[in-house]
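Quick one: the structure is below, questions incoming.
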Amino acid sequence: MANGGGGGGGSSGGGGGGGGSSLRMSSNIHANHLSLDASSSSSSSSSSSSSSSSSSSSSSVHEPKMDALIIPVTMEVPCDSRGQRMWWAFLASSMVTFFGGLFIILLWRTLKYLWTVCCHCGGKTKEAQKINNGSSQADGTLKPVDEKEEAVAAEVGWMTSVKDWAGVMISAQTLTGRVLVVLVFALSIGALVIYFIDSSNPIESCQNFYKDFTLQIDMAFNVFFLLYFGLRFIAANDKLWFWLEVNSVVDFFTVPPVFVSVYLNRSWLGLRFLRALRLIQFSEILQFLNILKTSNSIKLVNLLSIFISTWLTAAGFIHLVENSGDPWENFQNNQALTYWECVYLLMVTMSTVGYGDVYAKTTLGRLFMVFFILGGLAMFASYVPEIIELIGNRKKYGGSYSAVSGRKHIVVCGHITLESVSNFLKDFLHKDRDDVNVEIVFLHNISPNLELEALFKRHFTQVEFYQGSVLNPHDLARVKIESADACLILANKYCADPDAEDASNIMRVISIKNYHPKIRIITQMLQYHNKAHLLNIPSWNWKEGDDAICLAELKLGFIAQSCLAQGLSTMLANLFSMRSFIKIEEDTWQKYYLEGVSNEMYTEYLSSAFVGLSFPTVCELCFVKLKLLMIAIEYKSANRESRSRKRILINPGNHLKIQEGTLGFFIASDAKEVKRAFFYCKACHDDITDPKRIKKCGCKRPKMSIYKRMRRACCFDCGRSERDCSCMSGRVRGNMDTLERTFPLSSVSVNDCSTSFRAFEDEPPSTLSPKKKQRNGGMRNSPSSSPKLMRHDPLLIPGNDQIDNMDSNVKKYDSTGMFHWCAPKEIEKVILTRSEAAMTVLSGHVVVCIFGDVSSALIGLRNLVMPLRASNFHYHELKHIVFVGSIEYLKREWETLHNFPKVSILPGTPLSRADLRAVNINLCDMCVILSANQNNIDDTSLQDKECILASLNIKSMQFDDSIGVLQANSQGFTPPGMDRSSPDNSPVHGMLRQPSITTGVNIPIITELVNDTNVQFLDQDDDDDPDTELYLTQPFACGTAFAVSVLDSLMSATYFNDNILTLIRTLVTGGATPELEALIAEENALRGGYSTPQTLANRDRCRVAQLALLDGPFADLGDGGCYGDLFCKALKTYNMLCFGIYRLRDAHLSTPSQCTKRYVITNPPYEFELVPTDLIFCLMQFDHNAGQSRASLSHSSHSSQSSSKKSSSVHSIPSTANRPNRPKSRESRDKQKYVQEERL
């Protein structure tokens, strides 16, 4: 029995030898019954002893231990009939493979080392023999050696090529290598998943390879792993280190047991959990696939893969030993734990929590836990906090934008702050626009603060934010810049270094254009001279919608226009800003001001009902019937060579006819109102009085021929029907081809239709000599003149002034003809001392108070001077400009100013009253207060301290009335054909002759502010709340304050309609064009040019003026008349387009007031009642004859500008009092008309 017991124990422990029992397992034993109890074992032992007496004794004693090793099988599986465990066979296959290979590698290295040492000694002996043998035997002895060396080289070359091929196959540098690496990793994860599935089965079980699907899949995977192992072995440089690699160890303990399973028809779960170590390569795989690109993401994936692979591998080992038991305990102390319970056990162990509900019972398990706690706790304590930190530091806004089908999106970048974003969104998403089906994507490299984040959440349906930089192509791809409708770049208007800010935005443009050249970009620029750098970008194309909104150019342009028509800056700023209508019941000035504020600029295509009509006719019809104010159109040239070029013409006059598909620019309260101009149909809407009823009708509108359009335009003007009108005869119809070639429709005057047609009927084309043209004063006075000449030689139409300019050899204008020009002057020649300025009588001039020093950033005074030197002013109409400020600062600006006439400098400070009195500030037309030091102060409340102090200083000054004869003369100019000397028509345009200013409060001032809230300090007598928006404050409404923040609205306005920016720029800059910007970019200065017909034609453009109602031809309408009547009269009589009123603040009061403050009313309705003190904003045509009587005076003054720094810059008493005039009768004035080819 003892021997039998020993044999039984050996059989149980070793799993292979034990007694000769012939037990057979029943086929109906359940798989969960791994062992039998003692009683059933004894009965089974006694029943088996009857067949074999010699072995029954030994078998019966130790049967319980042997029966505990019996595993469940089915009759279909030809498993071991004795039910013995074969785990050692699986383990032995792995150990033999590992140690056998290691032994072979070491043996090979040893033999190779010995061979190398022996060959090294033999090589030295042979070398000595070669030297002693001499040169006679050299050829015979070296030949066989060379043959051997060639054979060895060939052999090495073959081995090297195979090795290189294997290296290429397993490397990630080629597509094949990447595919293979990724495939091996994916199959390793698949093998791990199979292990997870098999872990629910017993540790060792009998399985049929041909029927077990998971075993077949695992076998296929491991065959692939074996082949990949061979490639890695061939490519390895150091075979020993390769054999000891983690991936190699994983293959040793996972691949051989699978082949053993097939041979033994049984499966052992064993060390297959080591496949989890393949997860360590997860970050490498993601890098191969170009998924991980940042260091943080790579580090995070590395930490997670190491932590998870270690965790799963340790759990697999615990699962193996706990379910198997200790070998020296005959596997009796095992416990049934699932794999996921082991995973849970390892986690609570690493985290030092240890609930105690699951714990290791085996000695091997506990021993492993002891060492694992040391390493696992250290890993948990170091890895987990770092993982959490990396996850916490991940960008909250680091995702990618997902484009929505049917919805456009724009990308906004640059200076993203709460103020800039709120201003942008307020205007972009305004309710007055049509449904804005555009999603706004903000991209900035700094995460938003809480206030900005809350703003984004309030607009979450249309706004998204992503953290990144436009300088990074990866971030541009994240926001889908290639599919974006446009990219808008915001600038920091308050930065200390404007040039650096512009450079940053230019770099953003370069980066975006480099990534996607076709993207439309709208960027803000601070300095005008930096716009030139955008032209250096090859893909920058303003014709395709790229725009640069120069804040300095527009800001100073607005201020310059206020010098010509005070309050215009406020009106224009309100026009392109989206404001909601605020209704006020009380009859106060705010009521009328806010009614005008609700108007904006819109564009809409004109209905075909307007085709063939002149611009004033359409403008009157729109205002009277449609309640719309049209101020400009987009003009397509009729010339073939310039047909593709589109230009915006502001109030072009009656010579221009509306073409099919003409785009009009309207002032209206919302976009729905502007649709009336598109839907208008003469047949359906002619008798409608309510404009709200004008909607789309079902009429078909066939395109009219050129003949019908011209006949209709002619008959419309003469008031007859087409049947009764005799404007066109049969001969004209026969000559329509000739007429179309020589007399384009878009340039025919309505008033001259019959004259032009009769010229075709009665006379052949003829020409006039220049003398005759000059004698007649223009083509319009010659009834027999050729329309061909009238169309193509428009410069012969003006009077003697332009003809004299053409004959002169003096350069009076720049090369484009848009601005007055003079030869460059040294700054010393325009400097006035205080005594010289005091002795010089200045009046009707512009005083520019500028704060700045040698270290201040340049603000670009050229943009202030250029609109005041526009060529559509005659020379004698130019207002003299006097700069008062630091000479060091002005010297830096002078390079851009030395080509403009009538400019003087008084070195000093605007805070000095002596300097202000020296320049006669009480007689100036406008005082402009600017500062170049505003952005150098951190405290926003103190940024405008200099401008505020200067404004208050001027308002507190007192003046005497001893020089009343030199009172401010602001009457400006008269309409064409009117004479200032006429008692009926005395002052027409501009400010009326006021009594001499005795207090600084009445001096017209416009102050530039940086901080909007500082506007409350400008007027001490207003009641504005500090939290009131800028446009609602009294100084802004009166046009005495201007802040650059109002220009933020131009970004969204330009996006929705790029023509709006062109229109605003044309209005405020005096005629700056892309061609002029390219010229300035080349030389940074205006270039003088001789007067040619082409350049002089550029003078023929309208300008902004103010019309007085107190006296003159409109005096009858000023006292209780309707604004609509004034609008129609000015338009029909003088081609002047009225668009607003500048009214005294207290004009609505029944009692007279001494307040001289005025406010702006934009686009009042037709029935709006006028008062005599009103000033009317209007767009006036260029007066060709206004400068004839002053030709000699202006020309001589112009030529002497460079020689005398004072004679050309002053209006002395005699010259002011004895101004020559050119009388004309009223009859001749009414008949006088002007033809203009193209007006801007």
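Cβ coordinates come from backbone N, Cα and C, glycine included.
TrEMBL labels come from automatic prediction, so no person has curated them.
Grabbed the feature section from TrEMBL, which reads as follows:
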{"type": "REGION", "residues": "1-61", "note": "region 'Disordered'"}
{"type": "COMPBIAS", "residues": "1-21", "note": "compositional bias 'Gly residues'"}
{"type": "TRANSMEM", "residues": "86-108", "note": "transmembrane segment"}
{"type": "TRANSMEM", "residues": "179-197", "note": "transmembrane segment"}
{"type": "TRANSMEM", "residues": "217-235", "note": "transmembrane segment"}
{"type": "TRANSMEM", "residues": "300-321", "note": "transmembrane segment"}
{"type": "TRANSMEM", "residues": "336-355", "note": "transmembrane segment"}
{"type": "TRANSMEM", "residues": "367-385", "note": "transmembrane segment"}
{"type": "DOMAIN", "residues": "407-549", "note": "domain 'RCK N-terminal'"}
{"type": "REGION", "residues": "759-792", "note": "region 'Disordered'"}
{"type": "DOMAIN", "residues": "843-987", "note": "domain 'RCK N-terminal'"}
{"type": "REGION", "residues": "1190-1240", "note": "region 'Disordered'"}
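I'd like to know what surrounds each of these features in this structure.
Counting only same-chain residues 6+ beyond the ends of the transmembrane segment (217-235), those with a CB under 8 A from a CB of the stretch are 162-163, 166-167, 169-170, 180, 183-184, 187-188, 190-191, 194, 209, 242, 247-248, 251, 254-255, 258-259, 262.
Sequence-distant contacts of the transmembrane segment (300-321), counting only residues of its own chain at least 6 positions beyond either end whose CB sits under 8 Å from a CB of the stretch, comprise 192, 195, 199, 203, 269-274, 276-283, 286, 292, 337-339, 342-343, 345-347, 350, 360, 362, 364-365, 368-369, 372, 376, 379-380, 383-384, 386-387, 390-391, 394.
Panel annotation: around the transmembrane segment (336-355), residues 196, 199-200, 311-312, 314-316, 318-319, 322-323, 369, 372-373, 376-377, 379-380 of the same chain, lying at least six beyond its termini, place a Cβ under 8 Å from a Cβ of the stretch.
Taking H, G and I as helix, E and B as strand and the rest as coil, DSSP gives the domain 'RCK N-terminal' (407-549) the counts 57 helix, 32 strand, 54 coil.
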Across the domain 'RCK N-terminal' (843-987), what is the average pLDDT of the model, as a whole number?
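A mean pLDDT of 81 is what the predicted model shows over the domain 'RCK N-terminal' (843-987).
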